[in-house]
Amino acid sequence: AHPMYFLLGHLSFLDICFSSVTMPKMLQNFLSQKKSISVSGCITQSFFFLLSGCAEASLLSAMAYDRYAAVCHPLLYTVVMNRPLCTAMVGAAWVMGFLNSLVNNLFIHKLHFCGSNIIAHFCCELPSLFPLSCTDPTANEFLLSGSSAFLGLLTLPLILFSYSRIISAILSIRNSEGQGKAFSTCSSHLTVVLLFYGTALFRYISPASGSVLERVVSVQYSVITSLLNPLIYTLR
């Protein structure tokens, strides 16, 4: 399979996983008077939510390198983006998502929830669970922010490198038609990256406040972006 379509296939699967983690329960809560979830169900949801989000961030980084290879090395594209490399990138994305989620969800078991059990959110996302703890969640908050920042430091440099080289290559093209074709090669991916990273970094790096804006932002990157991705990638 073409490297780009191989990666797009895995992105589509991740989008389905990401939205499926929250949408069924969210719709049930909207349509039902009983808006509840078990503790084990809540922890499970938070685990797969964080796993899907971190894996998608990593995969988008790999796809930025794919776009760099397509624009800057078109003649060597299939050589650079060979199947073993693509498979390794996808595997690394899932492993990074799993480890990040595992560490954060293991530490949440150290918290005790003995007070209010009303989650001020649409789903069991870790930042929305911390305020409900009777024990000090500061260590968990630092761990989540630190692991999110670490993931950003691993993935964002590859995205920035790829797009700096892409922009440089596009500007070196002398005719506007060639520039337009080169830009259309990566415009869809750049749109998805800005939508996903912009909202996810705001949610996980900034301190949780329980505001309505935080809930809207979470729905943006976990549901709306996943729904928009197929549409965005057809606009070429």
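Note that Cβ sites are derived from N, Cα and C of the backbone, with glycine treated the same way.
What TrEMBL lists as signal peptide is 1-19. The annotation domain 'G-protein coupled receptors family 1 profile' is assigned in TrEMBL to 1-233. Annotated transmembrane segment per TrEMBL: 43-65, 85-103, 142-161, 182-205, 217-235, in sequence order.
Through the fold, the signal peptide (1-19) approaches residues 48-49, 52-53, 55-56, 59-60, 62-63, 66, 69-70, 77-78, 81-83, 86, 89-90, 93, 222-223, 225-227, 229-230, 233 of its own chain, all at least 6 residues removed from its boundaries and within a Cβ separation under 8 Å. Nonlocal intrachain contacts for the transmembrane segment (142-161), taken as residues 6+ away from its ends with a CB within less than 8 angstroms of a stretch CB, comprise 54, 57-58, 60-62, 64-65, 68, 96, 100, 103-104, 107, 126-127, 193, 197, 201, 204-205.
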